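Novice: One structure, as C-alpha cells, below. Some questions next.
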2 protein chains.
Amino acid sequence: MTPSKPIVPSAAPDPYKERILEAARELFTANGLEAVNMYAIAKRAGIGQGSLYRRFSDKGEICSLLLRDSTDRFLLSLENELALPQADKAALDHLRSSISRIVGFIEQHAELLQLIKSEFTGKKQLTQFEHPFFRRLNEFLTQLLRRAAAGGEISPVDPQFTATALIAVLSPDLYLYQMKQHGSTKEQITDGIFALFVTGIQKGQ
Amino acid sequence: MTPSKPIVPSAAPDPYKERILEAARELFTANGLEAVNMYAIAKRAGIGQGSLYRRFSDKGEICSLLLRDSTDRFLLSLENELALPQADKAALDHLRSSISRIVGFIEQHAELLQLIKSEFTGKKQLTQFEHPFFRRLNEFLTQLLRRAAAGGEISPVDPQFTATALIAVLSPDLYLYQMKQHGSTKEQITDGIFALFVTGIQKGQ
DNA sequence: GGATTATACGGACAATTGTCCGCAAACACA
DNA sequence: TGTGTTTGCGGACAATTGTCCGTATAATCC
C-alpha cells in the first residue's frame, strides 16, 4: 500500500487537472474565451489531446470547473441561510434577497456562464436546467417557494415549475440581452423579476 | 433587359435555395436533424459547399427557413388579432389565449426550434431573443402588455421586460425540460405560465 | 462585338473537434 | 525478479465545419 495517494485523496486527486485548469486560465485571460481551443489548452498544459479529452469533453466543462470555487461558495452561502431558523412569514423576503444576490452573481460571471451553458446545451441533448449549477439553484428556489407556500404567503402556484421559470428568467442570456439591447441596469432587471416572482405570487393585494 | 426574372422577382428568387431546402428536408426526415451535416446537404442538393454556405451559414438557418412558412402564418395570425377592434379590458384575456396558442406552437416544433436556437446562440454572439421569430413575438407581447397597462388591467410592470421574461419562459428549452424531467403536461405548463404572467400581474386580487 | 468588369460556383484546403489505438509505465501476483 | 495484466498517455487520424480562391459564366461598356 502506497501512503502517498490513497490516504489523502484530496491532496492530489489528479495533477493533470490542475495543469489543465492552470493552462486554460492563462490562455483565457490572455486571449479571451472564444480565441482559445482545446488543442491549444492541451499544448499549453504539455499533454496530449487524448489526455485532455479524457478529463474534459469540451471547453464548457473546463469553464465549469474554473468557476467551481465561486459557484460552490455562492450556493453554499445560499443554502446555509436556508438552514437557519426563520421567522414565520419570512420566506418571500428571503426569496427577494436571494434573487438580488443571484442577479449579482449572474452579472459577475455572465460571460463564463453563457459559454458553459451553450457548450452544455449544444453537445449532449441537455437543457440549461440540467446543469449541476442550475439544478442546485433550482432545488434551493423550490424549497424556498415551498416554504412560502406552507406559510400561506403565496397563492397556490406549483413551486417546482415556478422555480424553473425563475431560473429561465435568471439566465445569463436574458441578462445580457436586456443590457445590450435595452440598456437595462441591474436594478431594473431585479425589479422586473421581483414584480413577477415576488409581488406577483404574493397572496392578497 | 431580360423579361424573365426582373419582372416577377418572387417567381424565382434563388433556385438554389429551393434545392437546398428540398435536400435538407429530405435528409432530415430520413435521418433526423442531428445525423445530417452541411456537407451532406450540399452533396444532396448537387452543389458545392461554397454555394451552400453563401446562403446559409449553418444548419440553424436552414431550419429557420424550413419553419418559415409555419412561423409566418402563426405570427401573422397573432398579429392580425391585435389589429381587430377590442372590447375594453380584454387585453389580459387576449394575452391568456395567445400564451395558450404559443405553447401549442412550441410543442409542435420544439425539436426544430431548439436546434435553431442553439445554432443561433452558439455561433454569432447572439441571445435567443435576437432571433427574428422571438423578436417578432416579443413585439407582439410587448404591445399586448402595453395595452393591458393602458387599460389599467395590470399593475405597473415594465412591458418590455415582462415580454422578454415571458419569452424566456416560453422557450423550447423549458418546455422540453418540464416534459422530460417532471412529466409535465402542456396544460400544467400553460397554467404555470398563466399564474406568473396573467394572474400575477393582474390588478387587484 | 470584342474587351473589361462583376458575379458566383464549387472544390481544395485550413481549422477545430473528438476518437482511437500503439505503446510504455505501473501494478499484481507468485 | 519475472511474467501477465491493467492503466492511461499522447499523437495520429477521422469527421465536420467554414473559408478561400481559381475559374467559368454573365453583365457592362466602349
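The backbone N, Cα and C atoms fix where each Cβ goes, and this holds for glycine too.
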Novice: Using TrEMBL as the reference, determine which range in B:17-36, B:37-56, B:97-116 is annotated DNA-binding region.
Specialist: B:37-56
Novice: Six or more residues out from either end of the DNA-binding region (B:37-56), which same-chain residues have a Cβ under 8 Å from its Cβ atoms?
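Specialist: Tertiary neighbours of the DNA-binding region (B:37-56) are 14, 16-17, 19-20, 22-24, 26-27, 62, 65.
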Novice: Return the average pLDDT for the domain 'HTH tetR-type' (B:14-74) as a whole number.
Specialist: 95
